[in-house]
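Over in TrEMBL, the protein carries these features:
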DOMAIN    64-148  domain 'S1 motif'
DOMAIN    164-227  domain 'S1 motif'
DOMAIN    250-320  domain 'S1 motif'
DOMAIN    336-409  domain 'S1 motif'
DOMAIN    426-494  domain 'S1 motif'
DOMAIN    514-583  domain 'S1 motif'
DOMAIN    598-668  domain 'S1 motif'
DOMAIN    688-757  domain 'S1 motif'
DOMAIN    800-862  domain 'S1 motif'
REGION    1-32  region 'Disordered'
REGION    958-981  region 'Disordered'
């Protein structure tokens, strides 16, 4: 679509100019029919005088001309300037400034252009080139300009500067007491002190007008002022050596009327120079039939320079009272509007009509002789008389002169579309095909306005390779307007859209819950579809609202470009978020005990698809568990999925969302345990809180975290991890359980900013490792639940018990043991756990069980561990009592026995070598590099959970100084040593609290 728009813009330019050429003989608004208008006169006041005032047109504009203009558009890559005569000029970014700028403007998305000028600013500019497409004739031209002062003031010396002279300068830097100004030349620079009260903030890079207050020739510095009143009244004085190169558009000087011309006046100024002001630039903006009487010979007037042509020495002037005060003439009319009682002020048989348009404040208007009637009018002065009223439709405006351009043609008042302003998204229009291109068709309304019908919208079918045969030049077809942006209109020929009787959705404000309308699919993803409506409005259809059965892929039913009927289910206009559904009925049958979002339910597996587990909830509701929602630990989800079969029951499932009649469920231990604390609405989010959720999407700029329902927060890349990282997908994955620190909540825009940094989001408890061990037990139970397998082996091989086995093999990674009564169980003694013992294949050994996972029993033969158990295989009583004496958050010393992928096995010597387990990772750090431990290493740990109260029946220890330990209080020993009493005064040091 983007490529089509680019190509279409070229066609628009060509077609618009073709239309103008047919409608008018001359694109300029003014007097036609005389050869003198094509040339510029710059001679002296003696000899043969011209009949007409100089006017800049596309026929005579040429490089090096200096023009005065007003900025009418500031875009990211260019500036559009309205020039004398109503022409437009374009300034590329590289021709905006001599000073290197950084595009820091917030107003135009970092545009350099917006740092230099603003809409409505009067600027001097120079013509660089005039593009001429010979294939399209001379009328097809584009004028390229420069605002660079190095071009405008080229050759300007300090000697040519005089007090009271008004100059355009660029702010080079902002200092404490004023501004350093740049004029594009190295001969001098300027300084302007800061005013007491500045009405407009001046920033570096801006083009400003200032008046010379003093000249320091010793230091080559000009002292200037930005006083608006002084600038508007300053007049340039005659100076010896002044040449035409020193005349800059916008300068004001005293002038005398030399002679009156047919369409203006000739003036003499600065002794040697002459210039002309055409009828649109006279003292009065409303010229009457006897306007010439106001300009007697030698009458003194003030005038400003409109343009200078160095090659012909032609100078254009303006006497417009607004421009003399350096104000852009006001425009009180709207393009496309019809004004019924417009008064005819003057009738010119060659030019046309001069009008007074009754806008809130009367506005000057002009109707070209070609726009007076649909038919040729031979005697326009007989058809229209001065003082009579007429109906006019505004075609456009000449911004610099403040004149509205209109038409009186009957055809201009017919039809629904006359100008771009008349185009409304969703309206049905008839248009004629002008040209057919590979990217689409250019079509034209009866008024001459052009539009683009993109290739995908030329047919109801998908994957259109070339335009349909129906699209031929000259064919008249019925279209519906998709949108109008920057005067680029797009339409559709899709029959489902053109003939739709449903309400049109063209803004987020118009989106009401329950509204049924037509749209078209623009993108299909795993989790849903994106649907486009009119005027750029876009909505999202979650997978549950696609009307599909669980396990059916959206791409097998829908295709991009397909027209679909949609029902709006949710909208947030301020943040431009829209959620829609392909299911039309919102009044579905709801069971009394239907599970709500955030509740805990049980479910029985019905079937499995590659991406989900489909379950039956409460016997009648359907639910789906995505693979990544089966476990908190990234690796355990795949293990569990491979073991699930129809009929398996999940005792606890959290309802994450409801998608139609389908429940979106999670089996994650972290979400189920904290279900009451997980928010479902933005009003439940509070800054500073740490909330459990899961990652639903990862982009280059950050991670999206989903909570309950559609509530989603965003963590920027720099807030996702503690250290700089290239790709977030290297440290996070979609579906990963995370703890999120809420940084900011904006209820108005419905945006939540989060941090996922481990330093701010670490677990304050053992929930992650506890969930891991609980699911590990469940996986083992499923794996060894066959008829020939007894689950009693889990009890037999209890952590810390002494068991007997037979050596089956000695491998590089350790000694393999077999157990007579449990043939499905494998024992493993890693070499460093032999404790100096020598074993042989076939021999029997007794070892201490230090871990049990996935059908593998880890044992140790180390004497200190084996010796902690009595002959009957149970812990010695005195030591058992010592283990029970362990307290939560107590600090103890431990020895690393075995290092696993997700945790380490430890022994606590001072508590009868009790076996404990410490996590190597947390929710947010599963894919981050883990801390390295060596077998036999001594570390300090904190008791996180004791076997008697832990769901997994294990002693959970947290490494001292780890992220999980960041919120744990001081040790039991520290408590015992403390002799502080309540109410006593103490000294304390403030430390970082996360």
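Using N, Cα and C of the backbone, Cβ positions are placed for all residues, glycine too.
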Ranking 336-409, 426-494, 598-668, 800-862 by Cβ pairs under 8 Å to the domain 'S1 motif' (514-583), which is first?
598-668
Restricting attention to the domain 'S1 motif' (250-320), give the mean pLDDT.
93
Quick one: DSSP breakdown of the domain 'S1 motif' (336-409) into helix, strand and coil?
7 helix, 38 strand, 29 coil
Counts by DSSP class (helix H/G/I, strand E/B, coil) across the domain 'S1 motif' (598-668):
13 helix, 37 strand, 21 coil
